[in-house]
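Shown next, in structure tokens, is the structure this report addresses.
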Amino acid sequence: MTQGKKKKRAANRSIMLAKKIIIKDGGTPQGIGSPSVYHAVIVIFLEFFAWGLLTAPTLVVLHETFPKHTFLMNGLIQGVKGLLSFLSAPLIGALSDVWGRKSFLLLTVFFTCAPIPLMKISPWWYFAVISVSGVFAVTFSVVFAYVADITQEHERSMAYGLVSATFAASLVTSPAIGAYLGRVYGDSLVVVLATAIALLDICFILVAVPESLPEKMRPASWGAPISWEQADPFASLKKVGQDSIVLLICITVFLSYLPEAGQYSSFFLYLRQIMKFSPESVAAFIAVLGILSIIAQTIVLSLLMRSIGNKNTILLGLGFQILQLAWYGFGSEPWMMWAAGAVAAMSSITFPAVSALVSRTADADQQGVVQGMITGIRGLCNGLGPALYGFIFYIFHVELKELPITGTDLGTNTSPQHHFEQNSIIPGPPFLFGACSVLLALLVALFIPEHTNLSLRSSSWRKHCGSHSHPHNTQAPGEAKEPLLQDTNV
């Protein structure tokens, strides 16, 4: 009996210690200083900088592990990860409303970075863990909730923009650094460095990041129930057909983001394998594209919104997306990829413009619901797009015969056609499929009114909206302003 009491006391002490890791006595956030956007920025930068270092090594390991069906397996791996993220993101968001953001920042960063050290230990385990890590690979969702906790509504657009710009900045520099270190010292050093940066990120969250969700905003008990309707990933998608304008916007988003998600997952692999880009050239391409995308989503977007209006900006962005996908599809020379990349950067204005249209036309109490639907559709595309692109590459027999030599200069490369089937007329079939999909999106977007009010008339919608209009769940317009270079694991 005495032994049982001792065990019970030890268990109680462990529970109290776990609570104190996140919240100090009296409910004061633990960490360095008050919660700020800069805490979120550092977390995002370190996580994606670590993954960015592995851009070139991942391409090599992917081909060595799956030499016969590289594109297909890449699509399946990223597709499984995307679908798991889509299914788990609402639940993790709902749980973070109950238990706070810090614990889930720690959880998502840990599991997102868990595959990194496995790259050299066991490639098979590396790709297996990448697939299942999608359950927790939702750092952005938790970070945006963290930012929403500590900012006023009018400040969130700028705060989200800062987070997105930091994400882009990490990808502008890290692939080039990783490619250089890999060429000089070997890929093993790059993996060790990426692992160290991931551990630094975890330590930073444990020691320096204060909890952002006030104690008074949480349920009194750790065992408090969560809203399972809020945790349902299909809840917002079920509401799509209840308003014709919302339906048009969501169809436009689905048809345009499906090929974009597939492109994110495979394009750098395509440059490396089919177009014979060296690791340094891929890194330079990512850097240039990231810089141009930031410029397009800030300066150019602002000018276009003022000069030609919201709807026309969306149409222009879709037009650029069609052009760049067609160019990627038919392009057979490296210089064509660089030229199409500039057009691709311009196409990144589409989703900020879509989000701005929704923000401007939806009622204040419906912002979270409509933005949540768009986010849900994009999450679904993150699962379907990579698998679709991988399958199209597979059925057209676009596969690698041998990797180009590291450090090869693009100006002296032989014809890239030697890297795919000789009877292939179209170098990049999935990109042409994507261009057709975006063309359909453009036709649908023509029917979206420039000035309208998203009056969601269904009483069930109104009831649903009431449960989603919590300030921590509302997605500000800036949340959709993501950089073009979203995928960092390939």
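The backbone N, Cα and C atoms fix where each Cβ goes, glycine too.
So that you can see what the record holds, here are the features copied from Swiss-Prot:
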type: CARBOHYD; residues: ASN12; note: N-linked glycosylation site
type: CARBOHYD; residues: ASN453; note: N-linked glycosylation site
type: MOD_RES; residues: MET1; note: N-acetylmethionine
type: REGION; residues: 465-490; note: region 'Disordered'
type: TOPO_DOM; residues: 1-40; note: topological domain 'Extracellular'
type: TOPO_DOM; residues: 62-74; note: topological domain 'Cytoplasmic'
type: TOPO_DOM; residues: 96-103; note: topological domain 'Extracellular'
type: TOPO_DOM; residues: 148-160; note: topological domain 'Extracellular'
type: TOPO_DOM; residues: 182-188; note: topological domain 'Cytoplasmic'
type: TOPO_DOM; residues: 210-243; note: topological domain 'Extracellular'
type: TOPO_DOM; residues: 265-284; note: topological domain 'Cytoplasmic'
type: TOPO_DOM; residues: 306-313; note: topological domain 'Extracellular'
type: TOPO_DOM; residues: 359-379; note: topological domain 'Extracellular'
type: TOPO_DOM; residues: 401-427; note: topological domain 'Cytoplasmic'
type: TOPO_DOM; residues: 449-490; note: topological domain 'Extracellular'
type: TRANSMEM; residues: 41-61; note: transmembrane segment
type: TRANSMEM; residues: 75-95; note: transmembrane segment
type: TRANSMEM; residues: 104-124; note: transmembrane segment
type: TRANSMEM; residues: 127-147; note: transmembrane segment
type: TRANSMEM; residues: 161-181; note: transmembrane segment
type: TRANSMEM; residues: 189-209; note: transmembrane segment
type: TRANSMEM; residues: 244-264; note: transmembrane segment
type: TRANSMEM; residues: 285-305; note: transmembrane segment
type: TRANSMEM; residues: 314-334; note: transmembrane segment
type: TRANSMEM; residues: 338-358; note: transmembrane segment
type: TRANSMEM; residues: 380-400; note: transmembrane segment
type: TRANSMEM; residues: 428-448; note: transmembrane segment
Original post:
Would the transmembrane segment (338-358) count as touching the transmembrane segment (244-264), if touching means at least three Cβ pairs under 8 Å and pairs must be 6 or more apart in sequence?
Top reply: yes
Original post:
Do the transmembrane segment (104-124) and the transmembrane segment (41-61) share at least 3 Cβ pairs under 8 Å, sequence separation 6 or more?
Top reply: yes
Original post:
What is the three-state DSSP composition of the topological domain 'Cytoplasmic' (182-188), stated as helix, strand and coil residue counts?
Top reply: 6 helix, 0 strand, 1 coil
Original post:
Does the transmembrane segment (380-400) make contact with the transmembrane segment (314-334) through 3 or more Cβ pairs under 8 Å, each pair 6 or more apart in sequence?
Top reply: no
Original post:
Cβ under 8 Å to the transmembrane segment (285-305), counting only same-chain residues 6 or more beyond its ends: which ones?
Top reply: 52, 55, 161, 164-165, 168-169, 171-173, 175-176, 268, 271, 277, 312-313, 316, 337-338, 341-342, 344-346, 348-349, 352-353, 356, 481, 483-485
**OP:** Report the mean pLDDT of the predicted model across the topological domain 'Extracellular' (306-313), rounded to a whole number.
**Re:** 90
Original post:
Is the transmembrane segment (244-264) close to the transmembrane segment (41-61), in the sense of at least 3 CB pairs under 8 angstroms with a sequence gap of 6 or more?
Top reply: no
